[in-house]
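What TrEMBL says about this protein:
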- 12-32: transmembrane segment (TRANSMEM)
- 44-64: transmembrane segment (TRANSMEM)
- 85-118: transmembrane segment (TRANSMEM)
- 124-142: transmembrane segment (TRANSMEM)
- 149-169: transmembrane segment (TRANSMEM)
- 181-205: transmembrane segment (TRANSMEM)
- 226-248: transmembrane segment (TRANSMEM)
- 268-296: transmembrane segment (TRANSMEM)
- 317-338: transmembrane segment (TRANSMEM)
- 350-371: transmembrane segment (TRANSMEM)
- 378-395: transmembrane segment (TRANSMEM)
């Protein structure tokens, strides 16, 4: 008999760090240069602000995670109470399944660029849905299968980023010239827009905090994975993002469906374009994998508390929340179907702005909770810097995504009130009033 039979599956520092890196590096970094190209020098400032700001937010979440491995909602609830904790968890959950839609579209678009299927304009949404279904099935097998897939995809997705950085360094070493940046003036509004866009590329580091009760020694593993994984990506993005801006003319980047592939083609030929597009698709697959894992775990934790339907607390095997994963992916599919008539670029842009607007609620609450718990001035100064960054990024996101986020938050309160009312009428004993946001042992 297997000695591990009946024991919960857990992941250690390498898989947790891979989950952080794998969820951050998705399709965003590969498509962002198109949106950033017209902003010129403002983009360099935006990357720097986002890099420093994200590290400050990660520092806050790492401190908060030391309270225990029982999930974000439970940690925030200790400081602000159950209603605020629910709103934050709901916003996080919404952000994840909305982001799943944008990443799935990015995956399908990259494959169409590689020429792996025909009729790209008509088939982006169906192919995106296919990937959502496939990776939901992988996650249903268990958290170790998802973590192992993250390790594999992290190794592959780094290749186009490192290749572009190599080209940038090679051109400088050989005495070549770099492309001039657009002469757009540096303004607060443009820097804020660049910050909001680059910020989306960094979101996902919180994925390490969501495999509820499934990280070994979470008090040490989660903070180390958060800080080391995010710091690595910050350095990588600063170098890769700057490299793309200086390797290709801004007009070429703005019109390119795959600027990283175009940069590689300029040096190694068209054969490399297919390889780059495949690597980008694999990158997006790794990100989608992590999002499905995080969405399922968070939905499961909220169902345990009675905030979502009790059926979402049902598990397969040792605490694999299959129902919660299916519900999250089902909502992703509904979004894709409802917006299937939109142009791909417009669909992607709206989804990333809405996802970012929602996830900021989690970052704000986590940073505020960590600030309250930090006794030293240095720690509070770092966390305060992160809060200022989040406020600036919120300004850059814009009104439309912000209003939609408020509507979804209001919907969350309605769902919670309805579920609590139904549970009260039914006198359900399935969801104890004080149930923790953690799997039942």
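Backbone N, Cα and C define each Cβ position, glycine as well.
Here the transmembrane segment (317-338) touches the transmembrane segment (85-118). Their Cβ atoms form 3 or more pairs under 8 Å, with each pair 6 or more residues apart. Contact between the transmembrane segment (85-118) and the transmembrane segment (226-248) is not supported, since fewer than 3 Cβ pairs fall under 8 Å when only residues 6 or more apart in sequence are counted. Proximity of the transmembrane segment (350-371) to the transmembrane segment (226-248) is not established, fewer than 3 Cβ-Cβ distances being under 8 Å for residue pairs spaced 6 or more apart. Listed by sequence, the residues of this chain that lie at least six past the ends of the transmembrane segment (181-205) yet keep a Cβ under 8 A from its Cβ atoms are 20, 23-24, 26, 28-29, 32, 35-47, 49-51, 53-54, 58, 61, 95, 99, 226, 229-230, 233-234, 237, 241, 245-246, 250, 287, 290-291, 352-353, 355-356, 359, 389, 392-393, 395-398.
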